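J.: Would you mind keeping the following structure in view while I ask a few things?
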Amino acid sequence: MAAAVRSVKGLVAVVTGGASGPWLATAKRLVGQGATAVLLDVPDSEGESQAKKLGESCIFAPANVTSEKEIQAALTLAKEKFGRIDVAVNCAGIAVAIKTYHQKKNKIHTLEDFQRVINVNLIGTFNVIRLVAGEMGQNEPDQGGQRGVIINTASVAAFEGQVGQAAYSASKGGIDGMTLPIARDLAPTGIRVVTIAPGLFATPLLTTLPEKVRNFLASQVPFPSRLGDPAEYAHLVQTIIENPFLNGEVIRLDGAIRMQP
């Protein structure tokens, strides 16, 4: 029996951190392919204006991923507006560049900074996963038995963390580590879980760096020797949604880069 490849057309997708960068590009691609998108981001983001640009197929749901109350309210809003949730793309995250110990400054990494990154990137991702799984579990299964797809965002820093990335690497490594067990948890419900680990991408943060720095970073990518385009992240998201046999995987999207110390 041939497997049914699912189109994104007609699906409802929640994209956390969806107000900018590759995450906004993801929402734009999904809407362009006939899906409906819910941009979930913090209240002071550009989510409202970006959602309006995408038209009636997109709404903004203000929420902090670390808040159970706010995420549940955002998911309820999505279901009230569009009837169900088929896809969740977890992209919200923060980063700090702090050494564990800086000898010259005699400065020790604070627990507060470490906990803040873990709380947003790792616990925030799990918070969305568990709550959206509860919503997807109420969906009627498609002909292949699927009720939903959850896509998380890790980083190559999960595998080759750099100086000053202890907190960030730990948070992204946690997302990598929980992908398979959560996929196994949700398999009986018909919910797939896949994680993307991006390399160096042209995010709003990187594009503010001096051109010389951007060119150096791009030169570290074996092929193609450039920064990743947000559209390439969005393309992979669509591929994951449409391929029903992708489950429990962490996919590096990095041009074969392996970060050196």
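Glycine too: its Cβ is placed from the backbone N, Cα and C atoms.
It should be emphasised that the depicted structure is a prediction, and the values quoted were computed from it without experimental measurement.
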J.: From Lys81, Lys172, Lys212, name the one Swiss-Prot lists as N6-acetyllysine.
T.: Lys212
J.: Among Val65, Val149, find me the residue Swiss-Prot lists at the same NAD(+) site as Ser20, Asp41, Cys91, Tyr168, Lys172, Phe201, Thr203.
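T.: Record source Swiss-Prot; matching candidate: Val65.
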J.: Going by Swiss-Prot alone, which of Lys53, Lys79, Lys104 is annotated as N6-succinyllysine?
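T.: According to Swiss-Prot, the N6-succinyllysine annotation belongs to Lys53.
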J.: Rank aside, I only need the closest one: which of the recorded positions Lys107, Ser155, Tyr168 has its C-alpha nearest to that of Ser20 (NAD(+) binding site)?
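T.: So, of the listed recorded positions, the one sitting closest to Ser20 (NAD(+) binding site) is Ser155.
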J.: Applying a 10 Å Cβ distance cut-off over all chains shown, what neighbour count does Lys107 (N6-succinyllysine) have?
T.: 11
J.: Work through the recorded positions one by one (Asp41, Lys53, Lys69, Lys99, Lys172) and name whichever has its CA nearest to the CA of Lys105 (N6-acetyllysine).
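T.: Of all the candidates listed, Lys99 is nearest in space.
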J.: How many Å lie between the Cα of Asp41 (NAD(+) binding site) and the Cα of Ser155 (substrate binding site)?
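T.: Here the two Cα atoms lie 20 Å apart.
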J.: On a count of neighbouring CB atoms within 10 A, which of the recorded positions Lys53, Lys69, Lys172, Lys212 is highest?
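T.: It comes out as Lys172.
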